[in-house]
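Per TrEMBL, the feature transmembrane segment maps to 12-31, 43-66, 78-101, 107-127, 134-151, 157-174, 195-212, 232-253, 260-281, 287-306. Per TrEMBL, domain 'Sugar phosphate transporter' is recorded for 17-303.
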Amino acid sequence: MSAIKTSPSSRFFTFGLVSAWYSSNIGVLLLNKYLLSNYGFKYPIFLTMCHMSSCALLSYIAIAWMKMVPLQAIRSRVQFVKISALSLIFCASVVSGNISLRYLPVSFNQAIGATTPFFTAVFAYLLTLKREAWLTYITLIPVVTGVVIASGGEPSFNLFGFIMCIGATAARALKTVVQGMLLSSEGEKLNSMNLLLYMAPIAVVLLLPATMYMEENVVGLTIALARQDFGIVWLLLFNSSLAYFVNLTNFLVTKHTSALTLQVLGNAKGAVAVVVSILIFRNPVSVTGMAGYTLTVIGVILYGEVKKRSAK
């Protein structure tokens with residue numbers, strides 16, 4: 001029996017999707033770093049609120065007008081409360097991640113972010129008492145060890161930035177576990193596009209008072225900044241649009257590729273982001289730091305392989 005061949009147009013479409021996914025992910029990360037650290041726009045909560053506002057508006061356009069996916073309605077008040085809880089965790093993750101970029105280089109930020117599987121395994125056990133195979137836990141040893149080594153060898157190490165980045169990574173893992181717990185029944189399951197449609201406006205409502213309290217007069221300061229350099233407006237608009245396209249392209253790549261392909265691409269994406277950020281920002285890196293990051297990535301790849309085999 002002959003193997004099924006994919007058409008050149010199909011391969012080209014998939015390549016285009018993956019390229020868009022990589023570009024939007026790495027682009028928003030580098031732009032966040034540029035705005036918050038290099039440009040001097042020191043308002044990470046307001047920046048996150050801009051992202052969420054863009055996600056809310058563009059999600060509505062994509063689903064309600066363009067019909068990219070069917071609209072899934074919220075069926076009950078309980079489901080709404082669950083989505084609100086997820087949105088709160090989501091906010092904590094994104095805000096903490098953006099704050100960390102003010103203090104840490106992208107390369108070190110990505111090294112810490114690669115430890116997500118460790119936190120996912122910890123929260124899965126603490127909240128659901130789900131135990132993994134012993135081999136799965138062994139693969140997490142190089143994941144954590146790599147970050148410890150990278151931290152010791154990081155020339156630009158900042159404790160507050162490190163804590164914020166760990167918090168962002170832990171919150172991202174917590175959201176994954178909680179999402180599996182709260183929206184597990186068939187009637188409550190939402191695809192990622194619809195979940196973002198409901199989470200983003202809730203996130204804006206949550207972030208607005210935090211922005212007003214913690215980043216006082218940020219709107220007035222941003223307007224004053226725009227009068228001096230209107231480029232900041234285009235940067236914020238482009239950055240906020242990219243934040244939505246990260247979610248859109250992630251959904252489309254998940255839909256059009258296999259789980260294995262997504263896993264491999266995801267592991268490679270972090271490495272590409274590290275290389276690109278070092279080339280652009282010229283932040284100092286040490287052999288120890290890169291060795292630690294490499295060890296973490298190897299651990300993540302092994303973790304994925306073990307999880308895949310245990311699922312069979």
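Placement of Cβ uses the backbone N, Cα and C atoms for every residue, glycine included.
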* Among 78-101, 157-174, 260-281, 287-306, stretch most in contact with the transmembrane segment (43-66) (C-beta, under 8 angstroms) -> 78-101
* To do: Would you mind giving the whole-number mean pLDDT across the domain 'Sugar phosphate transporter' (17-303)?
  => 92
